[in-house]
Amino acid sequence: MSYAYLFKYIIIGDTGVGKSCLLLQFTDKRFQPVHDLTIGVEFGARMITIDNKPIKLQIWDTAGQESFRSITRSYYRGAAGALLVYDITRRETFNHLASWLEDARQHANANMTIMLIGNKCDLAHRRAVSTEEGEQFAKEHGLIFMEASAKTAQNVEEAFIKTAATIYKKIQDGVFDVSNESYGIKVGYGGIPGPSGGRDGSTSQGGGCCG
């Protein structure tokens, strides 16, 4: 299926916060309670619609372990959006957000859209981080914020789509040079060509996560 734009996302955060589960819920609409630790980087893709235009999201799910941090850093380059995830039941995952954000700011393009997600809101009875704290962190650092549940699917769709809508608005506002793929945006059919007038006319073929 052809797309007007392709947006590249990266999902970052500590091990065990539910990054892979969020991706699986978004791409396959299912929850896998037992998930192997991500080794390096996993990949998923899905078509959505923004402003009546087909947008393909290409999503890189990264490992949270410190030993894979250098691999993760290489994926910041060329990402239009990032989902920064913590677990509302584990305080330390919230405390580590500043370190993840510093990495993202250092290695990504300055206009990358970052969505902060407090995952596992279905476990509110075990909450260790208040919603207000998440909101405050997002406000201080210029992030979008949502609490979500990869298990119940609450706000999962909304988080991915709101991030895409923000990126799309930046394109409309001329923030991105869409002819420069280092911004994590690729122009397909019906998208606004870059200043050079060039347009990537490729279409995505096949199904599954690699389509």
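Note: Cβ is positioned from N, Cα and C throughout, glycine not excepted.
Residues 35-43 are the range that Swiss-Prot records as motif 'Effector region', among 8-16, 35-43, 44-52, 170-178. Cβ neighbour count within 10 Å across all protein chains ranks GLY13 highest among the binding-site residues GLY13, GLY16. Counting Cβ atoms from all protein chains shown, ASP61 (GTP binding site) has 24 others lying within 10 Å of its own Cβ. In this structure the alpha carbons, written CA, of SER2 (N-acetylserine) and LYS120 (GTP binding site) are 34 Å apart. According to DSSP, SER149 (GTP binding site) sits in a coil region rather than a helix or strand.
In the three-state DSSP scheme, GLY13 (GTP binding site) is classed as strand. Of the listed recorded positions, namely SER2, SER149, the sparsest CB environment within 10 A is found at SER2.
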